[in-house]
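As structure tokens, the structure follows; a few thoughts come after it.
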């Protein structure tokens, strides 16, 4: 199922020098977001930088949101992860998509112009309405805290 999402190109290199975000395969859940900068950026160990993607999206449908997730290779091989761990794009947001990159590694890492930085994934949203109760019905899990259910 394909859902139309409005996309605004903020940098003229998108669609010419660099491709529009797209799914790489039929089974892909995310589309790659690229570093659309004027110069290569070197991120020092412990440093966080905000990197433009050259696009904005307007999801519009309140039953959907977009999330920005890390690319596994950058984190595993180079220690480059998202500074906010996950970026949440609400359906009514219309501003530029930026990627917060944090170098948690021990070596400087350079992001070149056009490098793939993160993935954009669209997810369903359910807006909850709280129902106040005095007690919960019992469950197998109960109110046990962190680590309560063990590892095995």
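Along the chain as shown, residues are numbered 1 onward.
Positions of Cβ are set from backbone N, Cα and C atoms, glycine also.
Note on residue 84 (substrate binding site): other Cβ atoms within 10 Å of its Cβ, all shown chains, come to 13. Per Swiss-Prot, the feature substrate binding site maps to 71, 72, 73, 84, 88, 89, 90, 98.
By neighbour count, meaning other C-beta atoms within 10 Å, the densest spot among the binding-site residues 71, 72, 73, 88, 98 is 71. In the three-state DSSP assignment, the secondary structure recorded for residue 98 (substrate binding site) is strand. Residue 90 (substrate binding site): 12 other CB atoms within 10 A of its CB, across all protein chains. Under the DSSP three-state reduction, residue 89 (substrate binding site) is assigned to strand.
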